[in-house]
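These features come from TrEMBL:
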- Cys114: active site, proton donor (ACT_SITE)
- Pro31, Met32, Val33, Gln85, His184, Ala238, Arg239: FMN binding site (BINDING)
- 29-292: domain 'DUS-like FMN-binding' (DOMAIN)
Amino acid sequence: MIGDVVETKQCQLKDAMDLFHSGQVVKICAPMVRYSKLAFRTLVRKYSCDLCYTPMIVAADFVRSTKARDSEFTTNKGDHPLIVQFAAKEAQVLCDAARIICPFADGIDINCGCPQRWAMSEGYGACLMNKPELVQDMVRHIRNQIDNPRFSVSIKIRIHEDLKRTVDLCQKAEATGVSWITVHGRSVEERHQPVHYDAIKIIKQSTSIPIVANGDIKTLKDAENVHHLTGADGIMVARGLLANPAMFAGYEETPLKCIQDWVDIALEHGTPFTCFHHHLIYMMERITSKQEKKIFNVLSSTSAVLDYLKDHY
């Protein structure tokens, strides 16, 4: 079962690849624009999350600009295992970004699934699903130029309408040395349609590297069901963790202790107010009434939020 993570076992695991060979299903916090930053990663790690991703970073900007590096990427000693997700369209640029990040992270992930228009018009994200040779080239470059064999290179994809093309992409990536593949079980066009867990199962059966299932997982029970449906080695969650950062620890809704932890961590990290507040709005969605939301959601300063929490909780 996913929930039965043995504490001592976790302490001995040094990196992401060890997690996938631990016999446990790996519980993963997804790369989320604006949200999966250091403070939030610190929070979910306290509640049984095994592996965290950074938000997607554009590799070319990261390589070119110190300012981009400073604003896009922060980490600390406890922030491991950590995967940095990059958007890239040129193998060498991605490799340069990976070389910069290598001393501070456990691996990189190539975004091959982002369906946003801006990303696809720039040649990033889901564009790469139709360029398996370019994906292979990217993986090969990193494998050849980074001499740390423990540094992982993974890809995150969506699925094609014709699943044979997705299986082909995954097999080509595997042949080039990709460490694992995360599959969001929807096509680029699909947004809120049901997730095709059957497609993830077929991909799992067609490859021999770890496969991570992603899409519409909101509780630990969902995670266990998806693991049984697909045979996936890991479960990646985005919105489910935003709504309940303690989800992987088995809580049905965000416990007050977790809200208190978020306040402490966010203040300690100097989290900007908008981000601090947005996370609380997500976390408290299920535990506040309509009337309370009306008041809480328009608060406009950290002190107002802290006062509100003290008075009501």
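Glycine residues also receive a Cβ, built from the backbone N, Cα and C atoms like all the rest.
A map of TrEMBL features onto the structure.
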residue : record                    : Cβ neighbours (10 Å)
Pro31   : FMN binding site          : 24
Met32   : FMN binding site          : 19
Val33   : FMN binding site          : 10
Gln85   : FMN binding site          : 24
Cys114  : active site, proton donor : 23
His184  : FMN binding site          : 26
Ala238  : FMN binding site          : 21
Arg239  : FMN binding site          : 14
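Restricting the average to the domain 'DUS-like FMN-binding' (29-292) gives a pLDDT of 97. The subset of binding-site residues (Met32, Gln85, Arg239) lying with their Cα within 10 Å of the Cα of Cys114 (active site, proton donor) is empty, i.e. none. Among the residues Pro31, Met32, Val33, Gln85, His184, Ala238, Arg239 said to bind FMN, no two Cα atoms are farther apart than 18 Å.
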